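*Asks:* Annotations for this protein, taken from TrEMBL, read as follows:
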type     : residues : note
DOMAIN   : 139-289  : domain 'Cation/H+ exchanger transmembrane'
DOMAIN   : 346-477  : domain 'Cation/H(+) antiporter central'
DOMAIN   : 488-654  : domain 'Cation/H(+) antiporter C-terminal'
TRANSMEM : 42-61    : transmembrane segment
TRANSMEM : 102-120  : transmembrane segment
TRANSMEM : 140-162  : transmembrane segment
TRANSMEM : 206-231  : transmembrane segment
TRANSMEM : 238-258  : transmembrane segment
TRANSMEM : 270-293  : transmembrane segment
């Protein structure tokens, strides 16, 4: 069999000598490289090789530039420029073999298909209920934007008209990986391939380039800072918003490519605009990561703990709800917290819903009226039920203020929404349900293991104190007047800030006329080995031990003072009792806890300060849930009474994330950076 002769490519004569008019349609797949055929002369092999090369260079750049917080868009731009006429494309052999004009047509077509799918996905994920509330303004903005309609506009509208529900979720799940991982990189790389940096080498062009960058950058930042100043918003937030306004992504590139294809802008103007886009995307993410770190964005307020909240002031609590089954338990705990006119309780209920069919996190603020959102029916019904239960509680309980919220976000970033709302509402205490629920047979099972990840991240990043509530029968009488509810509360006090916070909340609950409080303080016995300086240790080790001993002595003094004040306060209170138990090791501690009377229906314990105590030594070897601490995990195990609920309390100690090692997926700063990158692609 002889070698096949390929039909010639047709080139237009005259002024369009550099333009390809048409090419044979039968050059799709090759017979094989073993027959001495060049696969790059066939459409499908050429497309696959080009795609692999673009993705390879992009991934390599992402790996190299990751320490510099560069977004994926920037790497895709640079990959296109490296493969384009500015770098490798200067070689005529590389240009003709890898990215000749005929093969680029298919590559660009597939990239445009990816852009169409992308805007279709945006339309799928958009919630029209927000637009309907501002119909006239939305219509005016859309009408202006629709002038000079691009083909992607039709895909966007088509995505909008697809109803929310299982179809939306399925389409997003099927499209997202392929479009975002394969086709969108092609679109950005094509823009880089079209860019010839030699067009901006002249001094006059450099001046125009610098002027465009400065004016486009400074004008938006200055404008948003002025608006932020007018509305008394923090200066840092104004700068951050101005930086985000400068992000350029897919939509901006569509406009640039449209102008270039229609000869509205020449190669020099196109190169200037692309370089400006690359420069903006390169500097914005690192600057935002530095100036808008989540650890620094907390606004100052003093009452971040129950212990620091005065007895005659308002207590602000954020109650998080995973499922409607959590509501009775949380309401019963809140009712037992003894709200009065002198010390009212403001409750902010937050229904936590997993993000599935939407592109960005949504926080819904509910009024007392009918729930109005048009999202998933199941979520709507659950939120309606939660709002209704809290409204009944507010109606039957005096001195209680209730405001309900729903957050729709991925589990990996749900803790950010919880922490931000707690910060905005100046909450002193966050209550989150334990990820396991008690079954009929008394066993604890996790309906959704991701709840544990949310709880751990909240503990690591909370701006105030946190309590994890393990329900073992505390739910029930939520609709009865406050005088008819009674609880027998016991606090297991080992010492430290978390235990003092737990005791502070228990003392508040003990003010309720139907509640009783028992405080059991565990003290080390004579057999406890004292960790003193050992001459056999090096100086650094001895300094660490000495520092720990000093901290322990300070904590012990604070514990003694707090217990002394409490005993004086409760001297004539018959519903209060105080006991001391001397133990020498973890085994004796466990036996002492087992001996606690079974009449108690609520245990309140501190989470522990992360340092292994001699009183709990050995108990952490069977620790299944580190977010509960050693004692909380012990009480929550199946070995103990299945009729007593448990509240594990962690006191807020300082600014920024603590116990950072407990974070499971990503830190807040990493997720903040990821959200910045996502907004860059869409802009």
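Start at 1 and count along the chain as shown; that gives each residue its number.
A Cβ is built for glycine as well, from the same backbone N, Cα and C atoms used for every other residue.
Nobody curates TrEMBL annotations by hand; they come from automatic prediction.
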*Asks:* On the 0 to 100 pLDDT scale, where does the domain 'Cation/H(+) antiporter central' (346-477) sit on average?
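*Replies:* So the average pLDDT across the domain 'Cation/H(+) antiporter central' (346-477) works out to 82.
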*Asks:* Could you give me the DSSP helix, strand and coil counts for the domain 'Cation/H(+) antiporter central' (346-477)?
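*Replies:* Helix, strand, coil within the domain 'Cation/H(+) antiporter central' (346-477): 43 helix, 39 strand, 50 coil.
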*Asks:* Taking the transmembrane segment (102-120) as the first stretch and the transmembrane segment (270-293) as the second, find out whether 3 or more Cβ pairs fall under 8 Å, excluding pairs closer than 6 in sequence.
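*Replies:* Counting Cβ pairs under 8 Å, fewer than 3, so no.
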*Asks:* So which residues does the transmembrane segment (238-258) touch in its own chain, when a touch means Cβ under 8 Å and the partner is 6 or more beyond its ends?
*Replies:* 73, 115, 118-119, 150, 152, 184, 187-188, 190-191, 194, 216-217, 220-229, 264-265, 270, 273-274, 276-277, 280-281, 284, 287-288, 291-292, 676, 679-683
